[in-house]
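Here is what TrEMBL says about this protein:
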COILED    67-151  coiled coil
COMPBIAS  44-58  compositional bias 'Polar residues'
COMPBIAS  156-172  compositional bias 'Polar residues'
DOMAIN    65-149  domain 'GDP/GTP exchange factor Sec2 N-terminal'
REGION    1-58  region 'Disordered'
REGION    156-203  region 'Disordered'
Amino acid sequence: SQVSFEEESQNPPAVGHWKSLMPSKGDKEEPESGCQDAGGVHEPQSTEQLNVSRLRSSSVEIREKGSEFLRDELHKAQKELKLKDKECERLSKVREQLEQELEELTASLFEEAHKMVREANTKQAAAEKQLREARGKIDMLQAEVTALKTLVITSTPSSPNRELHPQLQSPSKAGFRKGHGRNKSTSSAMVSPASHNVAPEPVSRECREVDSILFAEFQAWKESPTLDKSCSFLDRIYREDIGPCLDFTKQELSELVRVAVEQNTLTIEPVASQTVPVGKVAAEECGGPKKCALSGLPRTCKHRIMLGDSGNYYYISPSCRARITAVCNFFTYIRYIQQGLVRQDVELMYWEVMRLRREISLAKLGFYPSEM
């Protein structure tokens, strides 16, 4: 088809001659003259028509083959486009998957970092709590050592001081001592020589009777000892003893003192034994040696208190010190019970608690030892 197309393009005279055979509007007599010479012109005219038909068929064939070629090329291009679309879709899915994995990895890393921070904070809080508990135990042991020193100093073999820690005495020894005292009080003739240095016990003795309600509340608390004031045992003591005893004129400071006593963070120290170092700023001291910070009354203050680690000192009078000390002694004893350090009968523990409550009531009424 390409050869015929080239032949057609190389023979322009034949095409021009074919165009000259077509009749025109201005030349109407030419066919008639042509008809006269029909015998000589018929054969070339048929040849030209044959060439024209060949040219037409060849052009149609070329056009069909060209369109077929273009269709094939179009199909190929469409297939390539579909393949490229599929490849683009696959790459976009891979990209989305990578982005999702990256987001999950980033979220997991942040979560792990937050978890490590929380664990570190928890461990730090636990360590600080253990440190505070250790300091509290150290303070408690120091107080016990001081009490033992006082017991040793004020006790001699001839005159033992058994009134400082009556809860440490066994029931058998306590009963034997009481029976021996009754024999001494009723029979003055039967006195041994070694008993001349022992102070005689008073003839009049107090009678004790267990209150069933108080004893039941104490027994219920003893089954599961706690320092939560919501239980009936401590709730009663708070209402009847601790609350009134720690109710001073300065209400705001009284509340701080009560909280410090409950948390075992209150410190009482003599004024004379504390000196302010040179070059350091002294802590804030409320009241003064001649004025009580809790009552606001002019009193000679021999002690001062510090609440926790605040560094603020408050001067207190002997009466206020006796009230705070009585409440602290009560809390110390029930903490001993809670920790399992007191190994006594429940009734003896109950009477020791009642004795400590009586000390709180007496301190609230203004009775305190002269050495304070």
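Note that Cβ sites are derived from N, Cα and C of the backbone, with glycine treated the same way.
Here the domain 'GDP/GTP exchange factor Sec2 N-terminal' (65-149) is broken down by DSSP into helix, strand and coil counts: 85 helix, 0 strand, 0 coil. Shown for the compositional bias 'Polar residues' (44-58): DSSP residue counts in helix, strand and coil, namely 15 helix, 0 strand, 0 coil.
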